[in-house]
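Q: Submitted below is the structure of interest, expressed as C-alpha cells.
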C-alpha cells in the first residue's frame, strides 16, 4: 500500500486517502515538536482511509437499505399489520 500501486499496476484506490493521512501526520509531528500541542488533528483522515480500505460504514448502510426493502416487500405482499 505504501508504494501507491494497486493490484493491476495503477494507483491504488485508497492511495489518495493514505497520502492525505501521511501528510497530516507529518504536519502534526512538526507542530508537536515546534509548538508542543497535543491534539489529534488527523483522526478524520484516518477514518476516511480505513473506510476506503474496509467499507464498514458503506456495508452497514447497504444492509439497512436491503432490510428496509425486504420489510416493505413483505408488507406489500402480506399487509401492513401482518405478524
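One-based numbering along the chain as shown.
The backbone N, Cα and C atoms fix where each Cβ goes, and this holds for glycine too.
As listed in TrEMBL for this protein:
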DISULFID  14-52  disulfide bond
DISULFID  24-42  disulfide bond
Q: Quick one: give me the count of other CB atoms within 10 A of the CB of residue 52 (disulfide bond).
A: 16
Q: What is the separation, in Å, between the Cα atoms of residue 14 (disulfide bond) and residue 42 (disulfide bond)?
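A: Rounded to the nearest whole number, the Cα-Cα distance is 16 Å.
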Q: Measure from the CA atom of residue 52 (disulfide bond) to the CA atom of residue 24 (disulfide bond) and give the result in Å, rounded to a whole number.
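A: Given the Cα positions, residue 24 (disulfide bond) is 17 Å from residue 52 (disulfide bond).
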Q: Cα-Cα separation of residue 52 (disulfide bond) and residue 42 (disulfide bond), in Å?
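A: Taking the Cα atoms only, residue 52 (disulfide bond) lies 15 Å from residue 42 (disulfide bond).
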